[in-house]
Every structure is written in C-alpha cells, then in structure tokens.
Amino acid sequence: MASNNENGEIPAKIKRLEVKRPVTVVLGTQWGDEGKGKIVDMLAVDADLCCRCQGGNNAGHSVHVQDKHYAFHLLPSGVIYPSCKGVIGNGVVIHLPGLFKEIEDNKIGNLEERLVISDRAHLVFDLHQKVDGMLESGRGQKSIGTTKKGIGPTYSSKATRNGLRISDLVGDFTKFSEKFTHLVEHFKCMFPDVEVDVEEELEIYKEFAERVRPMVKETVCYLHNAIKENKRILVECAQSTILDIDFGLYPYVTSSNCSIGGVLTGLGIPPHVIGDVYGVIKAYLTRVGSGGFPTELTDEYGELLQKRGAEFGVTTGRPRRCGWLDLAMLKYSNMINGFTGLAVTKLDILDVFEEIKVGVAYKLKGQRIETFPASDDDLQQVEVEYITLPGWKESTESVRKFSELPANAKKYISTIEQHLGVQVKWVGVGKDRDSIISIP
Ligand code: GTP
C-alpha cells in the first residue's frame, strides 16, 4: 500500500501508475481447430513478440502463404515475420527433438536467433510419450483422444514435482542426469514395461543443452522489460476453451489451461497489461475424439462439412466430428474469457447449404440451462434449441468487404454478435492469408 507523505498525499510517482495494455490474446472458443493460426498470422504483422503460454507440440496451427504451408506445433506462428520474436513461456512443455525438427521443417530464416525459451518450461521426454501411448491404449473405448505426445504425463511430472525443466538442462549436467535417472525409475515403478536407454538419452540431451542454451532466458523479466519498452505482444493460446483442464468437459480435456487464465500463469504477466482478447470461432463446430456433442450431425450434412472443411487433424490426421454452430457453448466460453472481439473462420464452408441451423440454448431434464454442463453425461442428455437461418448458396471466397457478403451470410454473422454481445471483427472465407474480411 502507498504510504502518505507528511502532507497526507500519496506520492505522485505511485499515484500516476500508467496502465499500458500492450498484450493481445488470441484464443479458441470451441473444441480447437478453429483456425487460430491464420488469425495469429494476421495480427502478428504488427507484433514485436509472439508468445505461446501453454500446451506443447500437441497443438497444430496451419498458416498458408501463397504456395508455402507452415505447420506449427510448438513455435509461435508469428515467427514467420522476420521482425517478430517468438517466446515459449514457462507454461509450455517442450519436447526438444520435436522443437528442433519443427525449426528444420519450416525453414524460416534465422529462427533460432529470434526464439526465446523460458528456463522454467518443463521438458517432455520420449519416456512421457511412451507412457502417454500406454495410458491411452489402456483406456480402450473410453479413450480421451490424446495425441500421445507426452503432454499429460509431463504436466503430471510437473505436479508431482519430479519433472525436469529447461533450467535443469542448461545447468549442472551431473545433477540433470541424476534427476533424469530418478524420473525414469519413478515411471518404471508404475509402468515396468516402459523401456528407456538412460545413457543414450543423456548423450542426446547433452547435445541439446548446447543447442538450446543461447535461446534460454528468464522470461518473466524479459516480458516485463518488453512491456516497459512498449513492445507489442501477441499471445497465441493452443487448443481451446472447451478443452481447458478446468473449464472443459473433463476428462475429455487437454492438460493445461487454454483459456485466459493460462496466459497469466503461462507467461508470468499481470492481468492489467492485457488489452484485447480475441476469440476465434469456426462457423460450425468440430470435435476430435469421444464425448458428448449436442449439435453433432451424423448425416450427409456432417459429411459435407467434414469434406468441404477438410476436417482432419494437422498433428494426427484423425477425422473430426462435425455439427452446427453451438451458441450455448460460446456464451459459456465468453463468460470465462471476456472476449473484446471475435473472428469467425471458415464461413466459406457453409456456402452450399440451403438452410443452416444454429444451436442457441440447452435444456437439461426439461429445464433451460444458462451454462455449459460440467459432466459429459449431462452434455449427452441436453436438448438443443435451434434457430434455422436461410443459407446464401453462393461463393464467399473472393469477398473482401463485409458489405459485399450475401445478405444471409451477413445475417449469420450478426446472429452470432447478437447472441454473444461481442463484435465480430474478422470473417474468414478461405484458407489463404488474404482470405479474410476485416469489419471496421
Ligand atoms: P489448434 O491449435 O490445434 O486448435 O488449431 P488451429 O485453431 O490453429 O487451427 P488451424 O490453424 O490448424 O486451422 C485449421 C484449418 O483451417 C487450416 O487448414 C487453415 O488453413 C484452415 N482455415 C483457417 N481459416 C479458414 C477459412 O476461413 N476458410 C477455410 N476454408 N479454411 C480456413
């Protein structure tokens, strides 16, 4: 608390605390795969730093620039721009072999010099990936649909306090070796069949330590200074709100907070520096893996969405389940994240539909509910109230101005705005970088 001076006044320096909000957040509103990559790519033009705050290489963002296709899993998408630095925050879990492969595959100039990695980020080992695979196969029919990239087991090592961090790797290697051996023993007690060649792994990590060392920083201070220097910071959340470990449909969730809270804990920045929070909505809904899906279409319309939208995972190639847009889910997502603007992607995929349904509310046991159920059992039982909107039956792919969209497409967008009370600022009408309509 500010102490008063002898005249009873609060010192001017403390009174005039200047609030800067240089941080813009982009996050998913549904079950992921909304096309966040393209929105981040668009906003990153003006960013000095682009940050990842949670998850690992279980994410998959695609960015198409003319003939070039970038597939990002751990790298912040903004690094495509030579002036933008990439920050991998403390909340991210890093599989170094995967990160280095991604750097090599994407062939982006002087990337390693522009990449900053938090010393507090945890390491994902091949061991975590093997255990992830074993756990997922053991679930049989009840599979959660993890990508088997070791992300869940790494966050569980973090929670049981025997995980290894980047700071361990670039510190004393003898201590790192001891901790790694201990981690292997810990997992071997639970999974006796898991095979790890400790010596070989340590040899590999000794080399990784040297390669990663120049990129490692204490990122709390690094970001604090960037904020003081008025740098523009873009944060890209992976996965999505309904996959959030706290607010998603547990247990069909990812192992991190991929809603707004994860930005604070995964980067170590204070809430008042966050300005805009943009929610990315796919114009319809998709879901990977099992669990409830109230607006799912298991008929030819679902197949049409899957085919037109190329709904197959970037990381796994798995087909995605498809259904109508669910505004009941989106209202819940907005309650958590407090969106200041929205981007609706893949409107073009709906171009061929005669009529388009939109879920607007849920009823559970005959009663309208205001929120999104906590349990999958309840979600499976909800009845959806729909509204039916007329389709536009013409291509929107070459449209670049909102005023030039077909009237029924505009109506579709304004329905979303009215139900959520948030402005739609962008509409995606194709996968290329310039296939986007900005709404002033
Ligand atoms: P996660 O982080 O895994 O949830 O993925 P994401 O939200 O980043 O999705 P991604 O960037 O992988 O986008 C999904 C696909 O949609 C990509 O192939 C994009 O090129 C494509 N896409 C994005 N916007 C549009 C759009 O407006 N229209 C069409 N047709 N495709 C789009």
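Residue positions begin at 1 at the first shown residue.
Here the Cβ of each residue, glycine as well, is placed from N, Cα and C on the backbone.
Sequence annotations record features per position, and here TrEMBL assigns active site, proton acceptor to Asp33. Asp33 (active site, proton acceptor) carries neither a helix nor a strand DSSP state and counts as coil.
Under the heading active site, proton donor, TrEMBL lists His61. Its own atom aside, the Cβ of His61 (active site, proton donor) has 23 Cβ atoms within 10 angstroms in the protein chains shown. Secondary structure at His61 (active site, proton donor), taken from DSSP and collapsed to helix, strand or coil, is strand.
Under 8 Å, Cβ to Cβ, and six or more positions away along its own chain, Lys158 (active site) finds Val93, His122. For Lys158, the entry in TrEMBL reads active site.
Long-range C-beta contacts of Gly35 (GTP binding site), restricted to its own chain and to partners at least six residues apart, with a cutoff below 8 Å, comprise Val280, Lys282, Ala343, Thr345, Lys346, Gly428. Per TrEMBL, GTP binding site is recorded for 32-38, 60-62, Arg320, 346-348, 428-430.
Positions annotated as IMP binding site by TrEMBL: Asp33, Glu34, Gly35, Lys36, Asn58, Ala59, Gly60, His61, Thr147, Arg161, Gln239, Thr254, Arg318.
Counting Cβ atoms from all protein chains shown, Asp33 (active site, proton acceptor) has 27 others lying within 10 Å of its own Cβ. The Mg(2+) binding site annotation in TrEMBL covers Asp33, Gly60.
Contacts of Pro319 (substrate binding site) defined by a Cβ separation under 8 A and a same-chain sequence distance of 6+ are given as Gln306, Glu311, Phe312, in order along the sequence. Taken residue by residue with DSSP, Pro319 (substrate binding site) is part of a strand. Residues annotated as substrate binding site in TrEMBL: Val314, Thr315, Thr316, Gly317, Arg318, Pro319, Arg320.
His61 (active site, proton donor) has Asp33, Lys38 nearby among the recorded positions Asp33, Lys38, Gly317, counting only those with a Cα within 10 angstroms of its own Cα. You'll find the Cα of Thr147 (IMP binding site) roughly 17 Å from the Cα of Ser62 (GTP binding site).
Checking the recorded positions Gly32, Asp33, Asn58, His61, Ser62 for a CB within less than 6 Å of any atom of ligand 1 leaves Gly32, Asp33, His61, Ser62, listed in sequence order. In terms of C-alpha distance, the listed binding-site residues Asn58, Gly60, Gln239, Gly317, Arg318 place Gly60 closest to Lys38 (GTP binding site).
Every protein chain considered, the tally of other Cβ atoms within 10 Å of the Cβ of Asn58 (IMP binding site) stands at 27. When the Cα atoms are compared, Asn58 (IMP binding site) and Val429 (GTP binding site) turn out to be 26 Å apart. Taking CA atoms as the reference points, Gly32 (GTP binding site) and Gln239 (IMP binding site) are 5 Å apart.
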